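These features come from TrEMBL:
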type     : residues : note
COMPBIAS : 1-10     : compositional bias 'Basic and acidic residues'
REGION   : 1-21     : region 'Disordered'
DOMAIN   : 46-196   : domain 'TFIIF beta subunit N-terminal'
DOMAIN   : 261-324  : domain 'TFIIF beta subunit HTH'
REGION   : 326-352  : region 'Disordered'
COMPBIAS : 334-352  : compositional bias 'Acidic residues'
Amino acid sequence: MAEVPIKNEPDAPMASGAEDDDIYEDAGDLEFYTDGNNPNANQFANMYLFRVGKALYDVWSKLDDDEEITIGHIRQWYEPLADGSPGPPRMKFRLADNIPGHQPIPKEYNLNISTGVQSTYLFSEKNLDGFKSKSSDRNPAATEGIPFSILKPKPEKVDKPKYDKRQKFVPFYRKAIPKKTKIIGKVSYDLSCAPSNPEEQKYLLAMHAHETGKTTKVEIINKRQGEVINIGTNRAANWETNLIKAPAKPVKAKGQDLKAARIPENELLDLLFRAFERYQYWSMKTLRHDTKQPEAYLRTTLEKIAVLNKTGRFANLWSLRPENVRNSAKPEEMAPEFEGEEDDDMLMEDVL
């Protein structure tokens, strides 16, 4: 006998649909590196997170992801302590010489290792079998130079039902493609790198700035010729009155009338390196007076080789990045503060 449906009371609480699902149900779309008989499970449980600078990242981001490329070699050793016991591990990384992008950057890096990394995992995902992303056809088409508009199918004419204000509106949601997610491994060590030879880093940075300065060129933006006054026109009749004009009144700048030339970037970098050889910490006001450069241009160039200290005794002062500090130099701590008054209306001009 079929069950008789019972109507619920209006005020009685109703169970949500989520309570009907088993919270311990395995959806089958997440895999772990320990699943199955994986002989390399212990290796994937102790992975290294390698933090690199922008120069290295730009080179490696252009490599082909589908090829197995040896980017370098890591050497690890232990230096004994004073009592003879083994000390903490030391590591050094050397880039491979067969990659063209490694030529203009330092080759050797010292690695600082941090252990005890918590809750850091490496994930990967791909579309489930039977589902195909729309962008899979666009990548080969973009390589061949085919416009996306050709690949897009023409929409078919569909008879839309008439609008009925009594009918409930049902919003449209784009259906997501199911993904197959897998936890590849667990990160246990955090590595940060710094060039082993600061002199090489400084030389390569200066060479890059020198090459950048060579790209300056003059561009003509106006080729309009002078105007011609035709005989018999109104302008020709009034040429005597328009010939001599009163000169415009010069605008007097506040304070002393100074004029600073914006020097090329490679020359400014040389000035900054020499300044940090004399003193370790500089304020923006003192650097601006020392280099005679606009503050915006000076700050942009300074951020390439130095950092602004946020806290501590030397807060709001600039100092060189660790990879740009010369080991042989022993500068004073802080440059003397410039006591003069800056002129906000200082005139600046660009030198091409």
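Cβ coordinates come from backbone N, Cα and C, glycine included.
In the predicted structure, the domain 'TFIIF beta subunit HTH' (261-324) carries a mean pLDDT of 87. Each residue in the domain 'TFIIF beta subunit HTH' (261-324) gets a DSSP state, and the totals come to 33 helix, 12 strand, 19 coil.
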